[in-house]
Structures are given as structure tokens and as C-alpha cells.
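According to TrEMBL, the protein has these features:
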{"type": "DOMAIN", "residues": "19-480", "note": "domain 'UvrD-like helicase ATP-binding'"}
{"type": "BINDING", "residues": "40, 41, 42, 43, 44, 45, 46, 47", "note": "ATP binding site"}
{"type": "DOMAIN", "residues": "524-785", "note": "domain 'UvrD-like helicase C-terminal'"}
């Protein structure tokens, strides 16, 4: 005890003598309370304080370095903290222990002090306790391909209602019936209403949120049965509405109503409503209203005066608007739009069917959650939340007295970004007599997407008791005093009523720590503390003289030009060098551009790189799969993995990886068939790569492909490092896939293609070094923990985004559970659609937290600046020509003082690029290669369906095959069974059935047939549809056509599901599959099955549209058969499965040569256009209800 006190005294004396700490920092370092909370504002030296606190803790009697746990948010921060602690100990050791005997042991063991992220700490616990945990010794983090594999299988099992899959996926003896209970009968209704993929996505989203909050599937099951679930929702709604309700009460009860004249001017009904409202609230002060009173006042204000503004144009209404500080009451109403929406939800309360929907969705989520945990457990896989959860379980007192070691002192950095699960782990390793030192800043909590919960830190600050102590650090060592004043001015106003509805703490302004001399030194620069680049959307006229407004994208480009000009002007001006403690000229690397989202990157990249010649690095951009090198690598992957794909080879030949010039590649187009003959060396190299991929894996082949880096000569020198970084990241994705699934080139190529199609988010890596002299462009999240002398915050007029509930039929909500846009039709008495507002309610609750974090994100952006902050943004103008920033945007938070008066003309000239490496002669000049002549442009291959639809209506073909629009097939009769799923099931059966009635029992009986594809199980599980199909096929078996097919099947002469790929002379490849084919006496017989019903709505004598379509398909089959069998006579017919009838033979109206010529013409017209609608066929078209051209003929 004496030695510890002695060294602590020496430490305190040294700090006081050297002035190493400010008073607040010293108070925190020497705090002896069990729980010390440190509110570390931006730039206030929290790492500095933490390193001193570690040293202070080490001086306690009996304390060893391994007894002190230090947790940081990132690996980089952990390394910096460990280095800072080691340096601090080394510098102070002689002062604290002059004899060298007291700290000798600590010096030897200092490297044993655990300093890491919380996930690394949890993983270490799991490795130590591996023998006692279900994950075992071989546990490793789950990879994205494995996650996608499980979620895909789960969605497919839901699609097929495959309960056996869930039984196999669950642990032990548990069953899906145990989870779903009586709600099992509601599951098909939910899946039909929202789709299996959407429902599964909802479940995994909700499970991820709840897992981070420390919940488990069993607790979710209990929550599903909770009838009082809506009470917390009501409480939250009141909490988020209360601040604005009080503000409205302050305006109306404190200013508007007392300020109105005793005799209201004007006349009309609205004046009478205003007078009556004033009389009801006369004498009530806003201070006299409690929470319920403020909410009641706001609800009555809206209902009586603001909901309907009919007649609110008279003198009394204008007087009220003036007193409220608005130009009209409509503007005042819109200012509180958020409040009115919240009050509406409060008034609505719980919906009648919501408990039923919530119950089944929460039960299903618990089921999938449990299956997902078991999937990981069986394979020894861990999610990030698994690491924390299992480590916390291992750290808790266990059986036989086994327990993970605890710590006498725990230091946690960035505590505002922890979640309840992480908090549980931290508390589980705290010793009984230990101390916790938690450092954070509520104003900088911006990781909600990682489920961070700032209310953990906020609640600890509010509850301060005898064992707690809160110490705010407000002295910013980062920012000059004049800029601090501007930042405090902005956020002091934004947070004048507290940080948020759930964080009532007051704003703590940052202060400059130095005296007048130091402040003067920091201000000795020509740089302004705060500058702006605001550009307004200009009114334009199109070619027809119609007025329009300049697009946001166009204005962004002008903002980028203005910013580029300003940064170029600021380069060379004095900025503060913190390490050297003096001013020096600014370089490019002293500047950063921060954006709220990466959608701002394209305009900045175009201007900085292409126009202004400013060296800039764009960090973690989302254009990864649009980068040329990745497009080229994707072509190489497909060519290597699929040698038979003739379309992949030409794309690969045009890439730098092929070793050919563009002229050489162009000479081989369109198919590249002469490639081996003209370039045997390159062709042999490609064959070797394919062989290597087949035997060693795609990763090995790509490494061989990229080993020769001569391809880099085709890229500008400044971009080559980025190209290499992006290619390495692609290799990592390939290696990651092969590590899980083995060397499967085709599967890996499919996985890479799925990522490119948008099913995965991949950001670009940054190869940037600390000494690179470039402007760094990044999101605010990426800039957390960094600082720059000159910071530009761009795109301030962007409002908070997030999910918003738009287009989502199901919304996961940790408070409400589930929100939906509608309820299943089956739950309505009449089968009609029942709308639900719970989806909007869930989005409203989400939006409140998103908007609160949006404000904190703006604070983080502004506080990255040391010397100069530049606010840049496009902005709209209202009808009066005044600036009109979006509500809730950073531009609106900054205030009107930062919005300049719109100029008559803003001159943002295009910057001319100076000489760069790109024009140094190292890279060959661009040479244009002519496109192939339009007259020869045609489709290389054509299917029967494509040909038939183009023949029916070119406009419909274009929408379906060129634009990818989903056109809904209108069934001829809504009272009969049918549709694509049942048709697919019918074809699957017909490809295997022996065409006898008893043989149907194997495929359409009570037992699920073996090897039935999962996509067909939903149709098979529908007993009514299955019975209908069996009835139709029984009729077919009993008819003449069925008996003929049965005989052919019995003697083995019937070919079924025959795929074909036949070249048409001077035309396209004919591709498709024929349902049935046989040859007899020199003739070729082709049969096609259809289940389509008749169209009873057509007048007598009119043929249904499907007859034209099917006849065209059969003629297409005939051309393919003639190409194979020559001039052999053909017998081509349609078999209607509903009746078992065989149609008349289909023959061309003219000659077969005319049909072939029409197919050739279709291949040309489909590629070149035009695509006129056949409006004469709209009345009987199968797409008539889902086509924009319907009725155009009239």
C-alpha cells in the first residue's frame, strides 16, 4: 500500500510540474470511484487521458499489467493505445521508481497487458475456453458465402413449406411446430402475401438487431405472446413527440395567442375557430403543462386550427402566422409535420390484426434464428455477435467453479458505440472490487447500423450516484478558437433542448485550451475559419421552351468545381502542424472532403481528376464492380470457368489481360473462332489457365493471369495502385469462396457474378499511405478518429436516408416487432386487401433515431477540421427565389446565415487540367475503333418463346426481353387452376410419367415424389391444384393421344424434353426444348403440352391469343427439326392437357422457307428495332392488363 501511494504521489507531482494534463483530465485520471465516466469531446485528448489512466491504475498495490483490460473500437486504435502506454511507462519509469525496484516486474510484464478491440478480446476468451464451448477448437468467423448459402436454403425451405428441412436444421429434438404453435396455419398466408424471400429477409434482419441487444430465440418466443407489447411503443411515441409539442405550446401559448388583438381582425369561419381555441386555452402558460398536457395541447392545436386551413387566408390567420414567425400557417404546419404524424399514430393505437401478424412473424424469426445458430454451431462458425455472446457466457461463473479471469481495472474507449451484448461481456469480466473507466462522447455516436446504443452511456451519466462519477472533457486540442466558436454556435442551437428524445443531456461546448498567446499563434493564417461553396439550382428551358430546374447532379458538378478552385487557392496557405507546434504551408494531404454518402463521389471524381488535375483518393467507393479492371477481370473469370461460353471469349479478348491489342481483338470478332490460329501463344496460355482452374482452382489461375503486370501500362500511372488494390480484393473474394466450397470454377464464377449483380455490397480498398500527397475523399464514418487542417463537408442538402419503409412490405422493428403495409387477404371476411399503418409506424420510429444520428454525423464531420471548415452543397430555391434547404438536412441545421443570396450568375468555369503523368507519353494515345455496321447487327440466337412473342407484338417483346419488365400473364379464367408454377409441375411429371392413369400415383399421389425440385413443391403441396392436374392427366391418359404416347414410352421410342441448339443457314441459332418427339415411317412427330384454359370473354369466332403464340412456337420447332432431319415430313401438334385433346397439325401458311426467312428477319429487327405495338391485338392480348400501350388504338 505504501509503495503504491508513494508512486501515485510522485505521478501527481510530475503531472502538476510538467502540466501534462488539464484539470479535468487529471480529475479523471485520479478518480477512485468504482465507475468513472468521461465525456471526451472531439479532439479533447482521450487517448492521452487513457494512457495516463493506465499508468495510474498500474501503480495500485498488487496491480499487474495483465490485471488491466483496455478495449478500443478499432485495431488501429488498439495498436496506437498499446504504443502510447508503452511510451508513457518508459518515459515515467525513472520518475516514479528512481531505484528501479518497484516497477521491475511491471516492466517485464507490460507486453502482457490486454489491449485490443472487444471482438479480439472475445475471440481470445473463446480460444482459451474452446474445449468447453459448442464451437470447439476449430471455430472461425463465418464467411459471406456461407451466410448466403444458409439464407438461400432457408428462403427456399419457406418457399416450399419444407418443414422437414427445418426439423433437420434445428438442434436436438426441437421441431418447427414447437416454435410456430397454433400460428402454423397462418404461415402460408404470410408467405403468399409478402413472399418467402421478403419474409426470410425480415426475420434475419430482426434477429440480427435483437442478437446485438443480448436477446435469444426463447425470449423472442415469449415476446411474441405478449399482449401488452404496444405499451412501450406508445411510450416511445410520446417521448419523441414531446419536444416538438412543448415547442408548439411555447409558440402558441407564449407568443401567438397572447399576441393576438382582443378583437380578431377580419371575418369568416376560420376566425371563429381561432377565437374559440384562444378562449379554451386562455390563461394557460406553457410552463404549466406537464408532458400529457403538452401532447394534448398539440393534438388539439392540429385538429382545431392546422389540419384544415380552409379559409385561413384572412387577417386573423395572417396575424397568427406572423406571430409564429412564418409566412403562412401552412408553412407553420409543415414545420411541425413530424409532430402531427406522431400524434396521429398515438391516436390510432394498436391495430386489430397486428398482434396476429406480429405473433407469426416473431415466431418464425425465432425459428430461423435458432436454425441459423445451429448451422453455425455444427460447422464451428462464429458471427461477430456469437463471439461476444459465447465469451460472455464463458466469463460468467460456470459449472464446477470454472470461470474466465476477471480484471481489477477496465478501460473502455468509444463506449458510446457499444451495444447491450458487448456491455454484458464487459461487466462479466469486471472483478468485484474492480474499477471501470468508460470514455465516450454521446455527440459522436454514429454507428447505429452496427447496432450501437448510445443510451447505455447516456443512462449511466443520468444515474450518477455515490459509486459513479461523470467528468466532461471539453478542451479541444485540435481546432483553432475562431472555428470552435462557429461550431459551438451551430450545434448549441441544434441541441438547445438536449441531444435527442432519448438523450436529454445538454450540449457541452468545446473550448480552446491555450491562453491568448497560443490562440493568437493558431489564428496567424490567411485561411478563414469557415467558408462556404453553395450553388443553387438554376431555372432552365428545354428545347420546346418549357421551364425546368437544373438537376441535383448538375449542381453537384458546379459545387465540385467551386470547391476545387477553393482548395487550389488554399494550397500553400499556413496551417497548424501539431507535431512541430508551428505553422507551415498547406499541402494536398492536409485536405479532406467528407460526404454523407458515396453517391457524392462521381461528381467530385470527375472534377478533381478529369478537370482540375487535383490528386485525390476516394476511399471505400461503391463503384467497385463498375471499375474497368473489375469488369475486365469478370470477363476473364467467365472465360476461364466456362470454356463453352462463346459470348465470354470476345469480351476477354478485348481486355488488357488477353495480351492482345484492341485492333487484334476486334479482328477476331464477333465469335473469336480464329483466336487459336492467329494467336497460338495467347490461346495456349488461356488453355493453361483453364486447366489450372480445373485442377487447382480459380484463385490459382487468376494469380497466374495477373503475375505478368504488363497490363498496368494501359492505366494512368496515378491510378495503377488503385487498380492493383481492387484486383487483390477480387482475388480475396475468390479465395474466400474456395476456402469454403473448394476449387469449383463454375460455382465461384457464379458467386462473383451474383456479387456484381447487386446481391452483395463491396467497397473499394484504399492503397493510400500516410505520406501520399493527395486530397482524401471519404464518408464521415470513415473519417471518425481522423483530423485534417482543411476539411470540406460536401452535399449538406442531403436529408437523412435509411430504409424509410418505402417499397417494403415488412419492416423489422426492435420495439414494435414487425410493421407491414397490409395484412393477408385470407384474414378478411370478404377476401379483400386490408391496409396496415404499422409499416409506416415502424419506419417512423426508425426515422426518429436516424434523424438524431444524422445530427451527430454532422457534428463529427465538422469537428474533423483543425484550421478551416468549408461547407459545400447544392441547394434548391422556392417559388419566391429564396434558398430552400431540405428539412432535416445538414444545410437546414447550419442555419440561414450560411446561405448566401442567390447570385444572378454563378461562374464555375471548367478547370483545365495541367500536364500530368497521364500525358507524359508513357501511355499510348486513344485510338477509336469503329462499331460493327448496324445493317449486320442481329441476335446470335433465338428461342421459340422469344420468336413467338416478337411475332405477336414487338413492343411486348421489347418490354419483356430488352427492358426486363415483369409483365403479368392474365389467366383466361380466374376461376380455374393454372399458372406458371402448375405448368412447370405438369412438364416435370410428363417428362417422367408412363402415360397411364395408375402411374400418376407416384408423382401426384399423397407422398411427395422423390427428387421433386424445391421450386415446384409449393404447387405440389397445394392439394387442390395437385388434384386438378391429376384429373387433367387422367383424361389425357384415357384419350387417343395418351394411349399413343403410353405405347411409345413403353417401347422406348419416345424422346422427351429434347434440348436443341440448331444453326439456321444465314440466320441465328435456334434454341429451346421440345416436349415430345418420335420418328415413325420416315416422318418426324413433335408434340407440345399446354394446360392453358380457354378464354370465355372472347366473342364467338375469335381465336385466343395463346393459339397464335403456341402456333408460332410450333412452327419454330418445325424449322429446327427440318434443319436436323432435312426435308422429312413433319407432324407437329399441340396437346391440351385439360381435355386430353390433340390439336390439328400446324403447318405454315406459305412455305417453310418463308418461316425461316421470318425468323432471320426477327433476329435483325429484335436487335435493331423499331418495336411498334400491335394495338389491334390489345383486346385479346394475354398482357392486356399490364401494358402501357393498351387502348392506344382507340
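Cβ atoms here come from the backbone N, Cα and C positions, even for glycine.
By the criterion of other Cβ atoms within 10 Å of the residue's own Cβ, the least surrounded of the binding-site residues 41, 45 is 45.
Neighbour counts of Cβ atoms within 10 Å were taken for the binding-site residues 44, 47; the minimum is at 47. The binding-site residues 40, 42 differ in how many other CB atoms lie within 10 Å of their CB, and the one with the most is 40. Summed and averaged per residue, pLDDT over the domain 'UvrD-like helicase C-terminal' (524-785) gives 87. If you draw a 10 Å sphere around the CB of residue 43 (ATP binding site), it holds 20 other CB atoms from the protein chains shown.
Excluding 40, 41, 42, 43, 44, 45, 46, 47, which define the ATP site, the same chain contributes 49, 441, 473, 476, 477, 478 within 8 Å (Cβ to the Cβ centroid), listed in sequence order.
Taking all protein chains in view, 22 other C-beta atoms sit within 10 angstroms of the C-beta of residue 46 (ATP binding site).
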